[in-house]
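So that you can see what the record holds, here are the features copied from TrEMBL:
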ACT_SITE  Asp150  active site
ACT_SITE  Asp475  active site
BINDING   Glu119, Asp150  UDP-alpha-D-glucose binding site
BINDING   Lys286, Asp310  Mn(2+) binding site
TRANSMEM  33-55  transmembrane segment
TRANSMEM  61-81  transmembrane segment
TRANSMEM  624-643  transmembrane segment
TRANSMEM  686-706  transmembrane segment
TRANSMEM  727-748  transmembrane segment
TRANSMEM  754-774  transmembrane segment
Amino acid sequence: MAACSTRGGGGGGGKKTRRMPQERVALGLGRRAAWRVAGVAVLLLLLALLARRAGGGGGGAVWRVAFVCEAWFTVLCLLNLNAKWSPVRFVTYPDNLDDRMDELPAVDMLVTTADPVLEPPLVTVNTVLSLLALDYPAAGERLACYVSDDGCSPATCYALREAASFATAWVPFCRRYGVAVRAPFLYFSSTPPELGPLDHKFLEDWTLMKDEYEKLARRIKETDERSLLLQHGGGEFAEFLNVERTNHPTIIKVLWDNSKSRIGEGFPHLVYVSREKRPMHRHHYKAGAMNVLMRVSAVMTNAPIVLNTDCDMFANNPKALLHAMCLLLGFHDEINSGFVQVPQRFYDALKDDPFGNHLECFFKRLVRGIQGLQGPFYAGTGCFHRRKAIYGVPPNCNNSSGSSCHKEVQTKFGNSEELKESTKPIISGDLSSTKPMADVSGRVDAAKEVSACNYEVGTCWGQEVGWVYGSLTEDILTGQRIHTKGWRSTLMETEPPAFMGSAPVGGPASLTQFKRWATGLFEIIVSRNNPVFSAMFERLQLRQCLGYLIVYGWPVRAPFELCYGLLGPYCLLTNQSFLPKASEDGFSIPFALFLSYNAYSFMEYKACGLSARAWWNNHRMQRIVSVSAWLLAVLTVLLKTLGLSETVFEVTSKEDKAGTPSNGDDGGGIDGATRPGRFTFDSSPVFIPVTALAMLNVVAIGVGAWRVAFRGADDPAVPVPGGAPGVGEFVCCGWLVLCFSPFVRGLVGKGSHGIPWSVQLKASLVVSMFLVFCRRN
Ligand SMILES: O=c1ccn([C@@H]2O[C@H](COP(=O)(O)OP(=O)(O)O[C@H]3O[C@H](CO)[C@@H](O)[C@H](O)[C@H]3O)[C@@H](O)[C@H]2O)c(=O)[nH]1
Ligand SMILES: [Mn+2]
């Protein structure tokens, strides 16, 4: 690919002195020092423990296993220390953009959906409506919204068409009254805001809008695909007749062309895209869908900035685009903002994060830390990209448009003349010069050409260009590719949060999501995309690379945590120890480590404004996830590497809370037969290891206690190195039982709160095998 020299200046920033629309804020000196000292203290304790083990004192196989695991924990501690060393935050001031309103770049907003059952069309419709109603100067000319439907569902297409016509009233309503939440389901789930005594007109409009939304929601919920096709057969939905989800040509529908059917100031174009699918062809899940949307939007509107959100992540702050512009235009050099990521937030969040998937502490501590290096990871949704960076072009490089490069452009982007032409202004990097094309409807054929499933053959799409293939976590991998080219990224933290989505609830859904993430992350480590290569041979900074390794290291934790978790029960069962005795002076090291590590992570949650319960839930879920989802992910990838299986993107089910707004109960309380915060189970193998570990630890504590009570009775005085177990081993097992308490309760629970007997049976078998193993040793 074209190698470019780095020149300063350039980019979208102006040279005149202007009020800066963003400000970089570092953590106060005192607090930064305190965190560093605390982190170093934990690290020193780990090193002390390792030194003690290396210097003898115990011995035996268990000590060696413990040494290896603790060495790994020390590596993790070091990586974390590196990442969290100098945290940074950006504050944005959209008002300071006032004098540039005419120059703000066009934005293409890309939304993906994949399954009309797991992702009900009404959820997607709310996301799309919230995007169409965003505040932006000349929104009708500068914004366009594209929805990719991998489900190829006429119901989704119909829902979006209805949404477009609802938007003709909804968008002006939002603008007129400065509506705060522009996803109608959420807006209408509470009583109308009080605007003052004179707002009779507002109340009237509000009631009318709510009524219209309820009708829309009902229409969408009541359509089924079959009757839609029968009713409209041959008509508008004819293209969906006789198609299979995995085998169909491209369907593209311009549902709203602002240049044709304009009302008032207008609102963004809306385009429905269902890319071509063929059974023999690999489609690369979301990454493939995003690449098609990139090309379709390129030949239609070609905005230099691209916003990407999942179908359930609605815009929650009407000024989201303006805040993003503060970060995209607010630096003098484009290199600083290759992309702008919004921390994921969840609108229906259960109290205290019972499933450990709200990621709040992750974003506030780790990602802000990384922001002090090269910048946050790309998290898949709520992200503003420069099209140029997505095209694999390094910052401040604009020489790919010369005629000598024509061949190169073709191999990179493919054969479409329209697409090749569209890359020129993008690569030049001038955000304001790229005027969106007016005639969207006239571009459908060009768009179909670039959505064909063999368009990418022989091009750089999926590697050097676009979303990167080869991992189920295409997001972090694509972000890494961008950082590797030398770009930096920023985190956009606003109040209220720019986007809100839904987090999976319950054991099976949460663990499936964690498993998919870990599978994707592990796929990256064992591939040529490993960031260590990028740091060695390209422009990924070393410390940023170490930051990536923290996240990629999640699945690698599994074997170590599993072994470490087995040490306690093994020692209690075989009458050995892997920790110093309470009477020995070495005991103070693991004791202090246990206290200080937990105090440190507890303080992190407190500093993020989270409760003690949230800390505990996350700690507990990390232990559970490590030996369930992470473990299975590692096995899946190993099987894939051996060519025995494929990894599959299992879409998270999005609960349809976007239905007709509930009357009366507007506190958002979720009711239903299962209590939402409690762990639920199904017969998936992911539950077997933790169930087995929970059983094993309970048994081990029992055996150990029995031995203490009747000490010496019939114990053969085996001279085990390190001696019999002490308080340390009991604490380890007890702590694990506490962490696995949802499973301990699940052993006796009923319905979905109980662990299915098939899982219990398999877990008991595993436990029995372990007991036999212990007797042999
Ligand atoms: O074949 C597919 C599969 C998924 N998707 C879309 O991908 C998005 C994310 O899927 P979801 O099931 O919601 O996964 P999450 O774990 O919630 O998503 C996070 O993690 C994913 C990587 O595992 C990223 O792609 C997402 O952006 C990120 O929000 C959704 O909009 C889907 O419609 C597709 O378009 N095509
Ligand atoms: Mn999701």
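Think of each number as a place in line: the chain as shown, counted from 1.
Each residue, glycine too, has its Cβ placed from N, Cα and C.
Curation plays no part in TrEMBL annotations; they are all automatic predictions.
Computed from a predicted structure; not experimentally measured.
Projection of TrEMBL feature records onto the structure.
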| residue | record | DSSP class |
| --- | --- | --- |
| Glu119 | UDP-alpha-D-glucose binding site | coil |
| Asp150 | active site | coil |
| Lys286 | Mn(2+) binding site | helix |
| Asp310 | Mn(2+) binding site | strand |
| Asp475 | active site | helix |
Neighbours of Asp150 (active site) among recorded positions Glu119, Asp310, Asp475 (C-alpha cutoff 10 angstroms), in sequence order, are none
Filter the candidate list Glu119, Asp150, Lys286, Asp310, Asp475 of recorded positions, keeping only entries whose CB is under 6 Å from an atom of ligand 2. Asp310
What is the interatomic distance between the Cα atoms of Lys286 (Mn(2+) binding site) and Asp475 (active site), given in whole Å? 9
Under a Cβ pair cut-off of under 8 Å, which of the recorded stretches 61-81, 624-643, 686-706, 727-748 contacts the transmembrane segment (33-55) most often? 61-81
Most CB pairs under 8 Å with the transmembrane segment (754-774): which of 61-81, 624-643, 686-706, 727-748? 686-706
Spacing of the two Cα atoms, Asp475 (active site) and Asp310 (Mn(2+) binding site), in whole angstrom, works out to 12
Distant-in-sequence Cβ neighbours of Glu119 (UDP-alpha-D-glucose binding site), under 8 Å, six or more positions away: Thr113, Gly151, Cys311, Asp312, Val651, Ser653, Lys654
One finds that other Cβ atoms within 10 Å of the Cβ of Lys286 (Mn(2+) binding site) number exactly 23
Note down the number of other Cβ atoms within 10 Å of the Cβ of Asp310 (Mn(2+) binding site), including every protein chain shown. 25
